[in-house]
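Student: Pulled these features from TrEMBL for this protein:
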- 27-46: region 'Disordered' (REGION)
- 36-45: compositional bias 'Basic residues' (COMPBIAS)
- 172-327: domain 'SKI-interacting protein SKIP SNW' (DOMAIN)
- 194-235: region 'Disordered' (REGION)
- 216-228: compositional bias 'Pro residues' (COMPBIAS)
- 322-407: region 'Disordered' (REGION)
Amino acid sequence: MAALARALPLPLYNPVEEYEDVAPLSIPQGPSIPKYGKRKGWKPRQQHDFNGGGAYPECHIAQYPLDMGKKKAGAGSTLALQVDADGMVRYDAIAQQGRAPGSKVQSSFKDLVPLANRHDISDKERAMERPDETAVQETAERTRLALERLTSAKIKAAQPKHVAKANTDSSYIRYTPANQSADEGKQRIIKMSSVQEDPLEPPKFKHKKIPKAPDEPPVPVLQSPPRPATAQDQKDWMIPPCISNWKNNKGYTIPLDKRLAADGRGLQDVHINDNFAKFSEALYVADRHAREEVRARAQMQQLLAQKEKAQKEENLRLLAQRAREERSGITPSVTAASSTRGPPKELGVGLAAYGSDSEEESEQEEDVSEDEEDDEQVEEREKVRQEKRKEREKQMRMNNMGSETRAKMIAREQNRDISEKIALGLAKPTASKETLLDSRLFNRESLSTGFAGDESISIYDRPLFNGSSAAAAIYSARGNAGRDDEAYGGGTEEGIREELGKDRFALGNATRGFDGADSAVVREGPVQFEKDVVVALDGTSDPFGVEQFMDAARKGGKRTAEHDR
């Protein structure tokens, strides 16, 4: 065959592609694994020692085929101690842990300082240049197109007449088969494109409900042995019935204890705020502090009053001494003048050679006695002044009183019984028989056995204010109408007009009076009326006018106005 092939001419077209002489593929040799029974002393360490299989049970060492069961040395969460350029510990590394690389975490004081005041930032970093107008427009246009593409796809998908277009973009993949045979060892370029789907095609898959998994066995619960419930347990487990505070459709009578139990007030724990105790304690402290201040102020005022009183007494004593010296014709000495400023402490020692102690003591006793007499006179004068002041105040009050009030007070003072006044500090006088009787009861008629007759009216047997000055004040005309012209209205023209304007109904002066009554006479008591006594023909009294009525009936005739009178 070889000689025949050499004798034939070469073909014009070679149907078989010529392959270049390629070196034979070098098949990698696998690990040299000893055969079974000869693995004594062999230790599989690498993954290729297992050849994709499991562990070797005859090798008594720790084996991790496919790294199963091997503990992976992961990165720990413990931070290493870091220092900055100055050698200071960087505590802000804790705040930066777990952050993305390049993220900025403000964890130091210099981050609070404004950029304009920081010195560790260059001018370029501080400038923070913004992008130019072209970059801004390109970014905005790209964002707008992306948003329009998303919104248009959502809008078209919601329309029923629109059929979503499949993605026609195809992708090309270079595929190399794993089997390195002579026929199928070529690389291929595969075009990947999505299959067109029919929108009206019924669903190919049916959603099935997953059957429920079997229930887990119940958890065993350890229970205590049964025991009878006590009264306290029943009381604790008692749930009060629900009772409404607004509705009672059935009209039941609900006891008050049941209503309170349903309210649930007993189940609430009352917590008293500590501020109440603090507030009461603060009030107590403030009150005590105020009382101490008032007590100290009172003591200081008392001390100042004592000092002032002592100073006044000293001044009065010096004035009295000077007056005595002036009356006796002795010129006031320098010692007296200097004593006004303050008594010298060593005065008795310096003047011991000029007189005896007995003379000085006698002079001091005389001064004390004279000072006491002066004090008594001052007290008497002060009492007289107080009495006069009280009298003037009483007189002023009486002048400001009304006429009725003044009359009542005068009557009360005139008829006041002063027999029971007690003179304090004096011996009890001997009571005489004459003082045991009231002289006002003399010359009075005694009461009869029946006190009074049936028809007699003895209540008003005498006037109420008989012989008293109160009657003149009570029955006198009010206002200024009955006084002279000078007192009426203040004596001025405007005052008189004002008074006349107030007296609209002429209450001050009566325009008409009774017949026979003199208006010029000053009334000192109530108006005295005379009883009109009607006498019958036989001389007896006829109080009801029966005889006059019968006489007029006998005469007859028409009644006139004169008869009616």
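Positions of Cβ are set from backbone N, Cα and C atoms, glycine also.
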Student: Compute the average pLDDT of the predicted model within the domain 'SKI-interacting protein SKIP SNW' (172-327).
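Tutor: When the pLDDT values over the domain 'SKI-interacting protein SKIP SNW' (172-327) are averaged, the result is 86.
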Student: DSSP on the compositional bias 'Pro residues' (216-228): how many residues come out helix, how many strand, how many coil?
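Tutor: When I sort the residues of the compositional bias 'Pro residues' (216-228) into the three classes, I find 0 helix, 0 strand, 13 coil.
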Student: Reported in the order helix, strand, coil, what are the DSSP residue counts of the compositional bias 'Basic residues' (36-45)?
Tutor: 0 helix, 0 strand, 10 coil
